[in-house]
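Trainee: Got these off Swiss-Prot a minute ago, pasting:
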ACT_SITE  His54  active site
MOD_RES   Pro38  4-hydroxyproline
MOD_RES   Pro42  4-hydroxyproline
MOD_RES   Pro49  4-hydroxyproline
MOD_RES   Gln131  pyrrolidone carboxylic acid
MOD_RES   Pro137  4-hydroxyproline
SIGNAL    1-24  signal peptide
Amino acid sequence: MKLLAPVLWAMAALGVTWLVAVDSKESCTKHSNGCSTPLRLPCQEYFRPACDIHDNCYHCGKTFGISREECDKAFLKDMNTLCKKLGSNSATCPARGKREVTSHRATSIAHSRLWKTALDQKSFLNRKARQVFFLLPTTCQGWAKNYHLAVKLAGANSYSVTTDLETCQGLEHCLPNH
């Protein structure tokens with residue numbers, strides 16, 4: 001029994017450390033809605049950690065003296081860091097769903113045929129679709145810039161200008177530079 005006691009203490013300590021790590025990671029989603037957009041866009045799930053930090057920054061930034069501009073700059077930096085993790089072999093964000101992973105080539109071929117068919121028609125809507133289609137980024141960094149631009153243009157109402165120490169207490173590690 002004397003030999004077993006230190007092992008049990010070590011296991012308990014490791015278990016508590018693991019639970020604290022899981023709890024602190026989940027606490028970072030408390031004020032987050034992920035990378036919320038009305039459309040399903042590429043990199044949404046891949047950028048989720050950066051979006052969680054950004055959402056927390058928008059909710060608790062004022063409380064900890066972080067401006068909206070600092071939140072947005074950190075958001076772009078975090079997304080670019082995620083993009084760099086992909087390396088030079090993969091310029092686009094990895095797909096999350098099983099179907100997306102298994103049918104990557106077939107999907108891109110099917111999409112190109114659908115777009116070609118749709119864009120060959122000579123209507124006003126298709127001219128607009130052609131303009132939008134060619135503006136869409138094709139790289140992870142390109143999508144990071146678009147997400148950053150979107151929050152700069154449309155995120156003003158989401159940044160909390162009030163301090164809320166009660167709900168933000170303990171979330172310092174969920175903010176940029178913490």
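Quick reminder: no glycine exception, Cβ is built from N, Cα and C everywhere.
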Trainee: Which chain-mates of Pro137 (4-hydroxyproline) that are at least 6 residues away have a CB under 8 A from its CB, listed by sequence?
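Mentor: When sequence neighbours closer than 6 are ignored, Pro137 (4-hydroxyproline) has Trp143, Lys145, Asn146 within Cβ distance under 8 Å.
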Trainee: Please report the DSSP secondary structure of the residue listed as 'active site', reduced to three states.
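Mentor: DSSP call for the residue listed as 'active site': helix.
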Trainee: What is the total of other Cβ atoms whose distance to the Cβ of Pro38 (4-hydroxyproline) is within 10 Å?
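Mentor: I count 5 other Cβ atoms within 10 Å of it.
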Trainee: Round to the nearest Å and give the CA-to-CA distance linking Pro49 (4-hydroxyproline) with Pro38 (4-hydroxyproline).
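Mentor: So the Cα of Pro38 (4-hydroxyproline) lies 19 Å away from that of Pro49 (4-hydroxyproline).
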Trainee: Secondary structure at Pro137 (4-hydroxyproline) (DSSP, helix/strand/coil)?
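Mentor: Coil, per DSSP.
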Trainee: Please name the residue among the recorded positions Pro42, His54 whose C-beta has the most neighbouring C-beta atoms within 10 angstroms.
Mentor: His54
Trainee: Within 10 Å of the Cβ of Pro49 (4-hydroxyproline), how many other Cβ atoms are there?
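Mentor: Around the Cβ of Pro49 (4-hydroxyproline), 19 other Cβ atoms lie within 10 Å.
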